[in-house]
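Taken from Swiss-Prot as is:
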BINDING   Gly13, Pro14, Thr15, Ala16, Ser17, Gly18, Lys19, Thr20  ATP binding site
BINDING   Thr15, Ala16, Ser17, Gly18, Lys19, Thr20  substrate binding site
REGION    42-45  region 'Interaction with substrate tRNA'
SITE      Thr108  site 'Interaction with substrate tRNA'
SITE      Arg130  site 'Interaction with substrate tRNA'
REGION    166-170  region 'Interaction with substrate tRNA'
REGION    251-256  region 'Interaction with substrate tRNA'
REGION    284-291  region 'Interaction with substrate tRNA'
Amino acid sequence: MPADHIPALALAGPTASGKTAAAFAIADALAPRLPVEIISVDSALVYRGMDIGTAKPTPAEQARVPHHLIDIRDPLQAYSAAEFVQDATRLIGEIRARGALPLLVGGTMLYFKALFDGIDDMPPADAAVRARLEAQAAAIGWSGMHAELARVDPPTAARLAPGDSQRIQRALEVWHVSGRPLSSFHTTKTVAASDRPMSAASLFSLEPHDRAWLHGRIAERFHAMLAAGFLDEVLRLRARGDLHAELPSMRCVGYRQAWESLDGLYPMSSLPERGIAATRQLAKRQITWLRSMPQRHSIACDAPDATAQLVQAVRARVWGGSA
């Protein structure tokens, strides 16, 4: 049975840090006494048909240890941090009721932040408003949309780059739906600390001491994805006819760069370089977020015994001296 003092554990890290393999190592180490079920904390893995570019666990891997929040949305749909918190909270309760330990694994730091800190009481996504904003962006560009955001919500515009289309769109959507700037929602949370499903004290992280090590793995993985048919995967998604470049699913790292190349905005020969560069930038943001969480238990993922260190730390957290 899971320890009462630990409702769940979390494993975070930048892309290509080895989270999937580490999660299986944790599950194997605890299995003799405590079964584990994995809750994905990844905004790309929620989408069906996006397998290669997301490094989605294979069906065999998902059968080996139960996985949740994978393949739960069509790429045409959105999936918000608020929906994630609702789903993850429900799953944590259900998994514990089965006598297992929930292990939340991923790199979408916005989801972890919402889970640990509570979520701002913002309005839900509005498809009609988003469609109008996308049409406006097609006419004036995202730099023009950024200027519009600066008019209605200067603090949010100041922290967003003019090319950050996804966040600019969301900020303008909040303004149009609620009549309030996004920045005004950042002072209150809807969930009290005592009611949150878990805290950052149960967060383990994989972080490289040598950034070059991670950069090498990112490059190796992107080239492997291309060799595995990633571009064909994007072509199949485009062939549906109902997807476009501004959807959250198609803004995922790798997919966005592939879509741009297929649109002729960049030479196809530049796709590996641009995809790797975008993935490195994502990893940099992920590491920055992790380092802002002083309660985390950090493991150097580039250490030769990283997996052994992680398993030992997890066992100590779960069972203390009885590990």
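Any Cβ shown, glycine's included, is placed from N, Cα and C.
For the binding-site residues Gly13, Pro14, Gly18, counting C-beta atoms within 10 A of each C-beta gives the highest total at Pro14. Spatially close to Lys19 (ATP binding site) yet at least six residues away along the chain are Leu11, Ala12, Gly13, Val105, Gly106, Gly107, Leu206, judged by Cβ distances under 8 angstroms.
Just so you know, the Cβ of Ala16 (ATP binding site) picks up 25 other Cβ atoms within 10 Å once every protein chain is counted. Listed by sequence, the residues of this chain that lie at least six past the ends of the region 'Interaction with substrate tRNA' (251-256) yet keep a Cβ under 8 A from its Cβ atoms are 15, 43-44, 47, 50, 53-54, 165-166, 222, 225, 230, 234, 237, 245, 275, 278-279, 282. In this structure the C-alpha atoms belonging to Thr20 (ATP binding site) and Thr108 (site 'Interaction with substrate tRNA') are separated by 14 Å. On a Cα basis, Arg130 (site 'Interaction with substrate tRNA') lies 29 Å away from Pro14 (ATP binding site).
Thr15 (ATP binding site) sits 10 Å from Thr108 (site 'Interaction with substrate tRNA'), taking the CA atoms of both as reference points.
If you compare Cα positions, Arg130 (site 'Interaction with substrate tRNA') sits closest to Ala16 out of the binding-site residues Ala16, Ser17, Gly18. For the pair Ser17 (ATP binding site) and Thr108 (site 'Interaction with substrate tRNA'), the Cα-Cα distance reads 13 Å. Note: the CA-CA distance between Thr108 (site 'Interaction with substrate tRNA') and Gly18 (ATP binding site) rounds to 15 Å. Look at the region 'Interaction with substrate tRNA' (42-45): DSSP puts its residues at 0 helix, 0 strand, 4 coil. In sequence order, Gly107, Leu206, Cys301 are the same-chain residues whose CB sits within 8 A of the CB centroid of Gly13, Pro14, Thr15, Ala16, Ser17, Gly18, Lys19, Thr20, the residues recorded for ATP being left out. Same-chain residues with CB within 8 A of the center of the Thr15, Ala16, Ser17, Gly18, Lys19, Thr20 CB atoms, the substrate site residues themselves not counted, are Gly13, Pro14, Ala21, Ala22, Ala55, Gly107, Leu206, Arg217, Cys301. Looking at the region 'Interaction with substrate tRNA' (251-256) alone, the prediction's average pLDDT is 96.
Of all the Cβ atoms in the protein chains shown, 19 others lie within 10 Å of the Cβ of Thr108 (site 'Interaction with substrate tRNA').
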